[in-house]
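To start, the structure under review is shown below, and the notes come after it.
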Amino acid sequence: MAKQVLVSPSMLSADFARLGDEVERVCAAGCDFVHIDVMDGHFVPNLTMGPDIVKSIANHATKPLDVHLMVENVPFFVDLFMDIKPAFLSVHIEAVTHLHRLIWHIKDNGIKAGVVLNPHTSEQLLEYILPDIDLVLLMSVNPGFGGQSFIPQSLEKLKRLKIMRDRLNPACLLEIDGGVSDKNIAALKNAGIDMVVAGSFIFSSNDYAKAIASLR
Ligand code: DX5
Ligand code: ZN
C-alpha cells in the first residue's frame with residue numbers, strides 16, 4: 001500500500017468573503033497544513049493577501065500554516081511573515097539572489113524553510129541548497145492562479161528530485177502545488193510525493209473531508 005501523503009489545502013480557492021469559516025471547515029475536515037498563497041502582482045500577475053489577512057486566518061486555523069511567497073522582493077516579504085510563525089515559509093528560487101543567507105535567516109527564526117521551483121526550473125539548481133532546507137515545493141502549474149491543469153513533465157521532475165533528495169537530505173519533504181486531484185494523486189504517490197497542495201479540488205467539492213481523504 002502506498003504511504004499516506006500530507007494534505008495542504010490552498011486558501012486561494014476558498015471564499016475570500018468567509019475566510020475564517022473556510023479555514024475552520026477545512027481544518028475540521030482533517031487537513032494537515034493550511035497553504036497560503038501570497039502574491040505581489042509583480043512576480044506573478046495576481047494579488048492575494050498580505051500579513052494582516054494571514055494573521056486573521058491563523059487565528060481561526062487549528063492546523064499549521066504552509067506559506068508560499070510568490071513575490072519579487074523576497075527578503076522584505078519574509079520579514080513581514082516572521083512573527084506569524086508559519087510551520088513552513090517557502091520562497092521561489094527564481095526570485096532570490098542570496099538564497100543560502102535567506103534560508104538560514106528563516107531557520108534562525110524557528111521557521112522551517114522551503115524552496116519553490118517554477119515548472120521550467122531544473123531540480124539540479126537545488127544541489128547545493130538541499131542539505132539546508134526542510135521542504136522543496138514543485139510548481140506543477142505556472143504560479144498565479146488556482147484551477148489550472150497539471151503540467152505532465154512535473155512527474156518526471158519529481159522522480160529525479162526524489163533521487164536527489166534521498167541522497168542529499170532524506171528529511172527534506174517534497175511537496176507539489178497545482179492541478180492536484182484524485183486523477184493524478186496515485187501517480188504522485190508512486191513518484192514519492194510527501195505532501196500535496198490542493199485548492200480547487202478541495203474547495204469546489206461539497207464535502208471537504210471526503211476530498212481530503214481521497215488524496216490521502
Ligand atoms: C498557484 C498556487 C496554488 C494554487 C493551487 O499559484 O500556488 O497553491 O492555489 O490551486 P489548484 O489546486 O486549484 O491548482
Ligand atoms: Zn501555492
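Any Cβ shown, glycine's included, is placed from N, Cα and C.
Asp177 is the only one of Asp177, Asp182, Asp194 that TrEMBL places in the divalent metal cation site (with His35, Asp37, His68). For the substrate site that TrEMBL gives as His68, Gly144, Phe145, Gly146, Gly147, Asp177, Gly178, Gly179, Gly199, Ser200, the extra residue drawn from Ser8, Ser10 is Ser10. Those same-chain residues not listed among His35, Asp37, His68, Asp177 yet with C-beta within 8 angstroms of the centroid of the divalent metal cation site C-beta atoms are Ser8, Ser10, Leu12, Ile36, Asp66, Val67, Ser90, Leu137, Val197, Gly199. Less than 8 angstroms from the CB of Gly144 (substrate binding site) sit Met39, Val44, Pro45, Asn46, Met70, each of them six or more residues away in the same chain. Listed in sequence order, the binding-site residues among Gly144, Gly146, Gly179, Ser200 whose CB lies under 6 angstroms from an atom of ligand 2 come out as none at all. Taking Cβ-Cβ distances under 8 Å and a sequence separation of 6 or more, the neighbours of Asp177 (substrate binding site) in its chain are Ser10, His35, His68, Val116, Leu137, Leu138, Met139, Ser140, Val141, Pro143, Val196, Val197.
Asp37 (divalent metal cation binding site) is 10 Å away from Gly146 (substrate binding site) when you measure Cα to Cα.
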